[in-house]
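Positions annotated as [4Fe-4S] cluster 1 binding site by Swiss-Prot, on the basis of sequence analysis: CYS12, CYS49, CYS83. As annotated by Swiss-Prot, [4Fe-4S] cluster 2 binding site applies to CYS157, CYS161, CYS164. As annotated by Swiss-Prot, domain 'MTTase N-terminal' applies to 3-120. Annotated domain 'Radical SAM core' per Swiss-Prot: 143-382, in sequence order. According to Swiss-Prot, the domain 'TRAM' annotation covers 381-444, on the basis of sequence analysis.
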Amino acid sequence: MAKKLYIKTFGCQMNEYDSKKMADVLRDAQHMEKTDDPAAADVILFNTCSVREKAQEKVFHDLGRVRHLKAANPDLLIGVGGCVASQEGAEIVKRAPYVDLVFGPQTLHRLPQMISTRQITGRPQVDISFPEIEKFDHLPPARTEGVTAFVSIMEGCSKYCSFCVVPYTRGEEISRPLDDILTEIAGLTNLGVKEVTLLGQNVNAYRGRMQYAEEGELADFALLLEYLHEIPGIERIRYTTSHPREFTPRLIEAYKASPKLVSHVHLPVQSGSDRILAAMKRGYTSLEYKSIIRRLRAARPDISITSDFIVGFPGETEADFEATMKLIEAVNFDGSFSFIYSSRPGTPAAGLEDTTPHQVKLERLQRLQEKVELQAQAISVRMVGTTQRVLVEGLSRKDPGELSGRTDNNRVVNFPGSPEMIGKFAELKITAALSHTLRGENVRADDAPIEPEAAIFRRYGAGPDSIGNRDNLT
């Protein structure tokens, strides 16, 4: 009987990707099958995230909830991976002696060896090292179900924003070789994948080695997109998360040259105040950010922009917050992830004095979220009556009698249709805009790409000013 593996994942899409790779590694090496029931598992893994406040305590809380399973089954192995594991290391075993494995994001490929060593020696195994790119060299071939897939193209971050733990938990930026990425994605098309999302902490900072290139010559992110665009079978290209400092003119030009590159960019700004941006060590100003957006919309008039915001960074005044609100008004965002600042141990910002009352931070966050939500809903409403090219991904979560897919600008559309449409592109007429999704009806379903110029005008039926306030981006 195959052994059972239970994985609980916290945090970002990088962690989701890593968890899938953990399952792949253990399936190949030890024939483990995933289970959704921790009580039935032979191995329980927690893939953790340390971005939010009290992340460590949440991990120990979850560990405590499975401790009784270890008491009932001494052969059960419990492991902690991800960013909290990188931060805490052997301290996890000290606080929770029933933990058998502690591993970082860069050492998940060593799980089979760690498990074997634990079973032979009886001693907990801790490996939170940062081997350069070794992880990707030892991962099994990509497997996926469905027509979409995530592919990690780089790891780590070298920006060292004052509030962020990523450089300390995932290491500095390391890029996979260009040919390795292209080979993996070409293999995914053989599994039926039509849309790929490229992953990295700062994905547009990619600088990968090229086979047969001159020594020291590296492929940048724009060149990777150019090569990826030529892979037969890949119809859509997404990526996350990008950094404004790495948004080069070549990357912006790709939105003119590459129709497969979707009309959606997630570009975290964090604040609209230059003073706060400097304190965050973000490396750009509000005006520079708006300049990127203006040039993006010139290259791709229908592009959808989403972002990240931190409210209540130490020292943020009402004037600083109002600068953020003015930026939101100017850009016209299509959604955001926004949070109240939480101090992360070991980061430069952790030592900054914070005198802003928590209630004030809550009120600011609510105002910001309401503003962005209104903008996003207005964009959704303007899509009603247009025809959208949707990749049908599967059954609707809300109604299994319907289908669900995503538009080019990342809107979820639910619509009536037959299961035979799953995995294909469909032209849908948008009939209603709900709070977080769209409703549609089928016009035509096939695999033929729609000309991007035609898609732009079908999508919105108007010029760029109907999508974003370009005149305000100065």
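Yeah, the Cβs are placed from backbone N, Cα and C, and that goes for glycine too.
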| message | Give me the CA-CA distance between CYS12 ([4Fe-4S] cluster 1 binding site) and CYS161 ([4Fe-4S] cluster 2 binding site), in Å, as a whole number. | response | 18
| C-alpha of CYS49 ([4Fe-4S] cluster 1 binding site) to C-alpha of CYS157 ([4Fe-4S] cluster 2 binding site): distance in Å? | 15
| query | Helix, strand, coil residue numbers for the domain 'TRAM' (381-444) per DSSP? | reply | 6 helix, 33 strand, 25 coil
| Hey, of the binding-site residues listed (CYS49, CYS83, CYS161, CYS164), which one tops the CB count within 10 A? | CYS83
| said: Beyond the listed site residues CYS12, CYS49, CYS83, identify every same-chain residue whose Cβ lies within 8 Å of the center of their Cβ atoms for the [4Fe-4S] cluster 1 site. | reply: PHE10, GLY11, MET14, ASN15, THR48, SER50, VAL51, GLY82, THR169
| query | What's the most sparsely packed of the binding-site residues CYS12, CYS157, counting other C-beta atoms within 10 A? | reply | CYS12
| request: May I have the list of same-chain residues other than CYS157, CYS161, CYS164 whose Cβ is within 8 Å of the Cβ centroid of the recorded [4Fe-4S] cluster 2 site, in sequence order? | output: LYS159, TYR160, PHE163, VAL165, VAL166, PRO167, GLN201
| query | Would you list the DSSP helix, strand and coil counts for the residues of the domain 'MTTase N-terminal' (3-120)? | reply | 63 helix, 23 strand, 32 coil
| request: State the mean pLDDT for the domain 'Radical SAM core' (143-382). | output: 96
